[in-house]
Structures are given as C-alpha cells and as structure tokens.
C-alpha cells in the first residue's frame, strides 16, 4: 500500500500517520478515503490552525463556522444562512459546468441548514480581458452561473468582477448564497444513535470522482485528463431536491441534514457521524446508481450533483419517503448510525473499509514558517513618480477600464428579480437589498476584494476587503452582522505562499475585531498557481447586514437641487491605485492606509443619516477615486452635479482611500446632517449641488466638465464588447 500511497500523492509522513492511527496497513479503499478526506480541500491542513484566531461570536450569531453555512438572526423570528464557496479548479477546466455546479453546491449548503435560498452573489477573477482565454473563461462562467441560478429560480443580485494578470492561468469563481429561515427551522449535520440515514436526490454516477483531491493541487498545462473530475449539474433536478428537502424540514420530519459535496458519500456520512459522536455503517449496494458496475471506490468518491443525506426523526421514515416520492426523487436508507465510532463500508456483504471517524475527520495540520516575497516588498516600497495627465481624458479612460466599467453586460444575463424580494436592483446601490416578505425588514449583502491591494500588502488588502464590504452594506442603510470569507491563495508549501496565507487571515482578524463583525462561515482554496506563479492573495469577503427595507439608500442622484457632501478626506493615495496602473501600466506603491476606528465611525454615521431620513442617496468612494464615484452617481437617473475640489493633483481627483462616503441632503436639512457629523468628530466637506446634464468640477487648475452622455458611453461599452465579441 505504501507504493500506492506514493502513486496517488499521499506524503510519506501522512502515510505513516495513517498506519499509526489504524494500527495496521490500510487497504486500497481505506487509503483512497484518507486521500480525499485529508486533502487540503476537505481538511484545511494548512489554514485550520490560522483560522482559529478569527472572531466567531456576536449577538446576532446563531451558527458559526463548522456547519454547512453560518446563520445570523435578523429579527421578528427570521434568520439568514449564508456562505461563500469556490469552484476555481473545475471552472478553469470546464468554465460552464464548473461555475454551474459551484452554484448548485452552495445552494445545497444553504438549504441543508433549513433555509430557502433567496439570493446569489458571485465573485469572479480572470486574466486580462484582451486575451482570448480570459474571454472564453468569462463567457463560460457567466453562462454557467446564469444557467443554474435562473433555472432553479434563485436570483443573482450582485457580485464582484476583476481582471488581473495574476489570474491568467488560474481564474477564481466564488459563489455566495443567502437563505431565509425561521429560527426554529434551523438544522445541523447531526444524528442520534441507531437512526437510518437516507440518500436523497440524483442517482450516483462516475462524474466528479477525485474532485476534492483535484481542487487541492496546482493546475497543470494539460487539462484534458482533469475533465472527469468536473461534475455535471442539473438545475431542474436541483429545484426538485430543494423543494422536497425544505418541505421535509417544514413538516418537522428530519433531525439532521447534510449536503453531499466534495468527497461525496465519504465526506457527508463520516462528518455527520463524527459531529454526532457516533459511527456509521454504509451499505453501498443500496446506493441508487445510474451506471453499471461501479466499484466501492467510485461509489464512495463520486461527486455527482444534486444529492443530500437526511436523518429522519423516529417514526417519520415513511413520511419522508412520501415527500420525496411526490417530487419524483429517490429517497432510500443506505446507512445507519452505530455506537462504535467508525466509518464502516459494506459492499456485496463484505466489509471493504473500516476506519475511525476521528481519524478521517481530524487530518494532520501544518504550521509553517513564512517569508515575504522580496519582489512584493520591492514593488510596495517603489516611490510614485510625478504623474502628468489630462484629468478630462483620465476620467473617460478610467470609466472604460476593465475593472471600473459597467457590469450591466454581466448581470443582465442573470435573473435578478425572480422571487420578487429584490428591493435594490444591480447597479442601483452599493449592496444588494432583499425584502423579507410580511415584515419591515430587509437584508443587505455585498462581496468585496481588491487584488492590487492584496498583492502588494496581503494583510492590509484583507483588512480593506472586510472594511469595504461592511462600508457598502452600511451605505445602503444596513448594519453589518457577520461575514463569510472565501480565501483563495497559492501553495502554502513555500515560505512566500504561507506568509501570504498567514498575513491574509491576520488582516481579517484585525478588521473583524475592530469593526465588531464576526466570521460565521467560509472556504479556503489553496494551490491556485501554475508554473510556480501564485495568484494574488484573494480574500473574497461577503458581508450580510439588516435594515428597515423602506429606509434604504441608492447610489444615484435622484433630483436636482440637493446638496452633495463628502465624509472623509478629499485627497486619496496613488499607491496600488487604478489610475496609477492606467497611466504607467504597472502595479506598485503602498496601498491606502486604513484607520479602522475612523472606518467604523464613518459607517455608523452614514447609517444614522439614512435611518433619520436625512439622505436617500449615498455611495462609497473606492477604486478610481472621487471623480469616478461622482460619475457613477450620475448614471442611474441621469442627474448631473457641480462640485468644487480644493486639493490639487491627481491624488485629489483619482486617488484612493478608505472611509469616504458621498451623500446628498435637501438644503433645508443640511444643518442637521452636518451637526451629526460634527458631533462624531468626522471630517466632511460640502462639495456642491446636484443638477444638470453634466458633471462639472471646479479645481485649483481650472474647470473640468463632461457631458453625462459621454461618460455613460465610455462606461457602458467595454465589458459588453468582451462578452459579445
């Protein structure tokens, strides 16, 4: 078996650990179980020790990390389950199916908590859009997300899209889902002793075998051999499974639910047993199959989609079978919990594997020594040279640049209103807002991350990601409750890669503590590199908040004659900025500094302004700086503005800095708004007034003016050309 262990990529030290835990040599089936359960994708061997440091508790938290999704209270007996998941490696090989099954998987995570999925957000990263491969991947991924989400009837209400050369070979596809549930319907992956465990949903085939292990290694140039590791999704079957599962939960028929995702039956059953402090006996001959002659290994490791395991309450077995029968789905007992804490597998009457559940679930962990990449330090410490450029032209070029142009060409492919809960449409606000029907409550959600910041300063980049996601949720009027993190990085086995992982998590910890927003779920995807080139450390942070749905703010200027104010400093920084890259073609300099105390105060202030009815228009100043944000505010309703910028230079017009928010207020209430800001000791400036069909900016160097038509034209075309070309 040692030779086989080496052949399938189990390190020598881990093989010895397996032998020690079993007290004997494993057989072939057992060795393959350890291969997938001890993969980085399932076991988090390198990240688990670091993730322990993240704050996980908060007054709204019902369920933190460790289950299929996190859950927070939002009021009136309602709760929201949410999580972000990656499907990076499959999407690099088969972008359509990789993205589609990524959506399917995260939907099942949410419904396994007893929640009805109500919204999807996607966070996507690709190489330069002028390259054919990037365009191919983008089109396939967007189509896959639309295919699954639209067909299953869950709206895609927001997301985050970035192009960067660091993702040329390794695209990132992260999907976030929110689900709504009554607090009393919350389910967990648990079972009591002697209970049957039911297999429900699609029949098992050979698709996706080895997917967990595939997601735990570096991508190679030749990808044809990886195609069998990519699963195939069926959203129509997924819809039936969702309705049947939620009906069973609502009828109080089940005590435990578990999605069947990475590592298939092996992971779902062994984890359920381990969390319950029990063992499980699985009879593979009872598993519904769609292919002939499947071996024990194939049945155990298949990652066929649209499958769940459920544990019925005593006496509810027949009722459970009837519910799934009405939806035309298989629902059969395949296993039973046992007192011995082992994962026992039988095939044709023989035991083919018997492994302690703890041995499978508790993989070895690694704490390594990290070292900053000297090239990253050199780039960060490179001084910014004097930059000369015509601001008139710079704004047009920024609006047309891949990372700042309109995302309408993407989100118009998604159904973002199915379910009739969407209270703030894509492009209308800084975060998505969904209404909880029958209440006054709304739920806001946003995903954020800036690869330039993270590449040059992993810790600060992660802090910015959480701060901006919280800021965007606050700017629509919602109080951030908790976050989910999708950590996407290269190999942790190099000192530089491990340094980036450790620093990213340290940054999240610092921002989480300062902002009072805990983590409740997440995902770690490592080995995102090719040919030794790592992706930028990418912490996709998804924040969920709660608000009174009628007191929400949009980003667009709604009417002329309102006063426009800026909270925060007028001047930004050029390091790691979009304008610096636009003018030099290079990425360097120190990312903007972040004062987390100031950040929290700014977020509280804008929420108060919205809740008091002082403003209904607010927008954060982020990538592209002040003028870019002002231009974005003119687009939704075609209302312009005239403003004065007192500071000189590109830093004032296009520099980037956190803790800045633009908002409007009626002239009669200006004093109320400014008094609120003064009481909190926050810097602010009255910039000007809304109105007209142009954006006019008075600067120390003269007057700048753009027609709204020219700005809108520059902003709308680029991404459409990429997707339609």
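Backbone N, Cα and C atoms are what each Cβ position is placed from, and that goes for glycine too.
What Swiss-Prot annotates here:
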- 41: active site (ACT_SITE)
- 87: active site, proton acceptor (ACT_SITE)
- 66, 67, 83, 84, 85, 109, 485, 522, 523: ATP binding site (BINDING)
- 86, 87, 88, 89, 108, 211, 231, 303, 304, 305, 525: substrate binding site (BINDING)
- 430, 472, 620: Mg(2+) binding site (BINDING)
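Sequence features annotated in Swiss-Prot and their locations in the structure.
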{"residue": "83", "record": "ATP binding site", "DSSP class": "strand"}
{"residue": "108", "record": "substrate binding site", "DSSP class": "helix"}
{"residue": "231", "record": "substrate binding site", "DSSP class": "coil"}
{"residue": "304", "record": "substrate binding site", "DSSP class": "coil"}
{"residue": "430", "record": "Mg(2+) binding site", "DSSP class": "coil"}
{"residue": "485", "record": "ATP binding site", "DSSP class": "strand"}
{"residue": "525", "record": "substrate binding site", "DSSP class": "strand"}
{"residue": "620", "record": "Mg(2+) binding site", "DSSP class": "strand"}
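According to its DSSP assignment, residue 472 (Mg(2+) binding site) is helical. Cα of residue 525 (substrate binding site) to Cα of the residue listed as 'active site': a span of 7 Å.
Between the alpha carbons (Cα) of residue 620 (Mg(2+) binding site) and residue 485 (ATP binding site) lies a span of roughly 21 Å. Sorted by the number of other CB atoms within 10 A, the binding-site residues 523, 525 start with 523, the lowest. Within 8 Å of the Cβ centroid of the Mg(2+) site, not counting the listed residues 430, 472, 620, the chain contributes 429, 431, 446, 468, 471, 473, 474, 475, 476, 555, 619, 622, 661.
Around the Cβ of residue 87 (active site, proton acceptor), a 10 Å sphere holds 30 further Cβ atoms from the protein chains shown.
The residue listed as 'active site' and residue 523 (ATP binding site) have their C-alpha atoms 9 Å apart, to the nearest angstrom. For residue 83 (ATP binding site), the same-chain residues lying six or more positions away in sequence with a CB closer than 8 A to its CB are 68, 69, 70, 106, 109, 110, 176, 177, 484, 521, 522, 523. The highest number of surrounding Cβ atoms within 10 Å, among the binding-site residues 85, 430, 485, 620, is found at 485. With residue 485 (ATP binding site) as the anchor, the candidate binding-site residues are 86, 88, 231, 304, 472, and the one with the nearest CA is 86. Long-range Cβ contacts of residue 304 (substrate binding site) within its own chain (separation 6+, distance under 8 Å): 202, 203, 204, 205, 207, 208, 231, 264. All protein chains shown were included, and the count of other CB atoms within 10 Å of the CB of the residue listed as 'active site' stands at 25.
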